[in-house]
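Enquirer: Attaching a single structure in structure tokens format; questions to follow.
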Amino acid sequence: MNISQIISYWGYPDEEYDIVTEDGYILGLYRIPYWRTDNNKNLAQRVVVYLQHGLLTSASSWISNLPNNSLGFILADAGYDVWMGNSRGNTWSRKHLYLETSSKEFWAFSFDEMAKYDLPASIDFTVKQTRQEEIFYVGHSQGTTIGFITFSTISKIAERIKIFFALAPVFSTKYLKSPLIRMTYKWKSIVMAFSGNKDFLPKTSFKKFIGSKLCPLQIFDKICLNILFMMFGYDPKNLNMSRLDVYFSHNPAGTSVQNMLHWSQLLNSTHLKAYDWGSPDLNLVHYNQTTSPLYNMTNMNVATAIWNGKSDLLADPEDVNILHSEITNHIYYKTISYYNHIDSLFGLDVYDQVYHEIIDIIQDNL
């Protein structure tokens with residue numbers, strides 16, 4: 001099922017939009033405007049919550065569990081107007097006004113462009129469509145990264161964000177342990193040769209078959225689980241095994257090779273910086289300086305709440321501590337001892353540990 005079909009399957013209303021970025025990418029934006037049994041369809045006064053997915057995932061990550069354990073549905077049931085964005089290059093954002101997806105030009109992007117073009121276009125559309133002055137923003141993983149960049153560099157977008165909820169935030173990567181990123185760094189030439197400098201781990205029929213047919217089988221389920229834990233961290237007791245086929249049928253949802261290389265460039269760094277084009281001359285063309293510029297977190301004044309886990313291989317607790325020290329307006333910070341990188345999406349106890357707290361903070365700030 002696609003995202004709209006998942007929303008409809010559980011009895012919720014859904015709206016789907018194609019929005020166009022300043023540089024011509026066409027992104028899928030999804031909306032759950034109200035909850036299943038709500039007959040009051042007056043949306044004028046509804047509080048808007050915008051959700052942005054992480055690396056190699058899509059908006060489906062917010063609705064992959066049962067309604068009582070999926071943030072997209074939980075927020076709709078709580079009376080909020082829910083919007084879910086998609087970053088360029090994933091399953092639901094692989095279109096462009098004039099570039100073909102088979103071209104290298106289409107895939108010449110990283111999270112720099114997601115922060116510069118995708119997120120501003122998505123938030124601007126959401127704000128105009130709902131006629132709301134401010135919205136609440138929830139990001140997971142890379143969804144927090146592009147939030148940090150956008151809100152620290154584009155003030156007109158930052159002014160629209162009431163509170164930034166950062167789940168498993170990634171900014172500093174000095175202590176990052178994820179084998180996926182480290183292998184990309186170590187085997188850069190192999191990755192580029194294998195992927196042709198275009199898309200990285202896109203959703204395909206073969207991978208969908210593996211996720212929906214093979215992973216549920218007892219002989220394969222441990223293999224699939226170990227792949228997840230190798231990438232994100234170990235926490236087998238907090239994962240809903242009955243939904244494993246759903247997770248794998250939608251993920252990985254793809255990104256660009258350049259985006260993965262960008263992440264690999266940041267290994268062992270305590271600061272987030274723009275993509276390094278590989279030579280002083282090319283950097284000079286793109287940035288008017290010979291090195292890729294750093295992003296300055298202290299320029300962001302958006303109220304920020306953070307949830308992270310001690311078993312997270314992508315958002316290591318030490319890195320999150322570095323990030324926390326640079327946030328000028330932090331309002332909440334919680335570390336969960338056993339959480340890995342995807343527990344804040346798929347954890348069995350995620351409502352108790354994270355989601356109800358998000359709703360409480362929203363209600364306290366209306």
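In case you wondered, yes, glycine gets a Cβ from its N, Cα and C as well.
Not measured: the values here are computed from a predicted model.
In case it's useful when we look at the structure, here is the feature table from Swiss-Prot:
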- S141: active site, nucleophile (ACT_SITE)
- D312: active site, charge relay system (ACT_SITE)
- H341: active site, charge relay system (ACT_SITE)
Enquirer: To the nearest whole angstrom, state the Cα distance for the pair the residue listed as 'active site, nucleophile' and H341 (active site, charge relay system).
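Expert: On Cα coordinates alone, these residues lie 8 Å apart.
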Enquirer: How many Å lie between the Cα of H341 (active site, charge relay system) and the Cα of D312 (active site, charge relay system)?
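Expert: The Cα atom of H341 (active site, charge relay system) is 5 Å away from the Cα atom of D312 (active site, charge relay system).
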Enquirer: Give me the count of other Cβ atoms within 10 A of the Cβ belonging to S141 (active site, nucleophile).
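Expert: S141 (active site, nucleophile): 26 neighbouring Cβ atoms within 10 Å.
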Enquirer: Including all protein chains displayed, how many Cβ atoms other than that of D312 (active site, charge relay system) lie within 10 Å of its Cβ?
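Expert: I count 29 other Cβ atoms within 10 Å of it.
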